[in-house]
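According to Swiss-Prot:
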BINDING   Ile18, Gly60, Val61, Gly62, Lys63, Thr64, Glu65, Asp248, Glu313, Arg385  ATP binding site
Amino acid sequence: MTTFSPREIVSELDRYIIGQHDAKRAVAIALRNRWRRQQLDPSLRDEVMPKNILMIGPTGVGKTEISRRLAKLAGAPFIKVEATKFTEVGYVGRDVEQIIRDLVEVGIGLVREKKRTEVQAKAHVSAEERVLDALVGTTASPATRESFRKKLRDGELDDKEIDIEVADAGSGMGGFEIPGMPGANIGVLNLSEMFGKAMGGRTKKVRTTVKASYTDLIRDESDKLIDNEVIQREAVRSTENDGIVFLDEIDKIAARDGGMGAGVSREGVQRDLLPLVEGTTVSTKYGPVKTDHILFIASGAFHVSKPSDLLPELQGRLPIRVELRPLNKEDFRRILTETEASLIRQYRALMETESLNLEFTDDAIDALADVAVHLNSSVENIGARRLQTVMERVLDDISYNAPDRGGTAVTIDAAYVREHVGDLAQNTDLSRFIL
């Protein structure tokens, strides 16, 4: 769980997302409140419910990007799901309780990594012994082992190939639900793995280099030192208290006025979401999980429908409303130049792999922003995503010929931008299909 203050969270989001200060503030406060709640007296802690958020704004203004960056910052179980992927209980498809089961799986992964880090030093010692066993055998004299140990630590044997035995992770195939027992998920071909574990675990032989073997061996030895029951218990607790669910495209399940057919199913998904958002208990293969304190952040463009088209009960469970504003020319300029992984920086780095030095003048950046704004206003407003389309069009020739132009420098100015997309941007009929 992150201990960042709201101001630190906002400044971290500012590195990747331009503008939308209100939305950043809302998620920063919500994230900080998770930490504040943990500091309370247990009797009061259960009474403090998360204030769920509804983000409203056109496509391409940063709703999904805020969720992606928040996931990395949170240090807590976090899952982003599309509301349109789920169907009403009784219909073919995934039911909404699967969201919580997937969230627990994320929690299991986080806790397991944390536990592995705690025992890494001890696991490294055991891994080194196993590498030595593979190199000199188990019957070698102590002097021989020490001689090889010194070479191993000096990196002299890094490229030598050895055979090691590591735990077999199974087929990795999906599973199926046991009828009448939601959450009781059985792997299709993992029954043999279950029996294998009961008889001491299955292993497989792998041929690899000494250096590469450490990753598998340290993971193997770490897993022997950690208790799976403790991991499951901690993951369920972490999911219940710190879990965050980001529900994207919530506007697509809003029933429109006079809607028939699909609208009924959409309303069914909303009704199924209600208990989840308010607080219920979901059965998972790791035990029951309470959703009372899981934070839900919903987002949608609401082009066709409006937030008031959602079920009144669901609206009431999303008390914090944040509106994200459309992007203007200055925002596009800043997106191209100021963000940590800006498009211009990405394209420069890509061209540097071909020994091509790519430079953009200030007026070129202005021209790119102008074209993006014009297309968004005349064709369809897709926000910052328009910049990727325009940039690809401008750099098409350079990307194609880059291998033949290694060692040269290319400067892109406003004239170059206009030459490659200017005419097309002015012709609205054409740009509908090409940009």
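Just so you know, glycine gets a Cβ as well, placed from its N, Cα and C.
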Which of these binding-site residues has the least crowded Cβ, counting other Cβ atoms within 10 Å: Ile18, Val61?
Ile18
Let me know how many other Cβ atoms fall within 10 Å of the Cβ of Lys63 (ATP binding site).
26
Note down the number of other Cβ atoms within 10 Å of the Cβ of Glu65 (ATP binding site), including every protein chain shown.
17
Enter the number of other CB atoms within 10 angstroms of the CB of Glu313 (ATP binding site).
13
Diameter of the ATP binding set by C-alpha atoms, the set being Ile18, Gly60, Val61, Gly62, Lys63, Thr64, Glu65, Asp248, Glu313, Arg385, in angstrom:
34
In the three-state scheme derived from DSSP, which category covers Lys63 (ATP binding site)?
helix
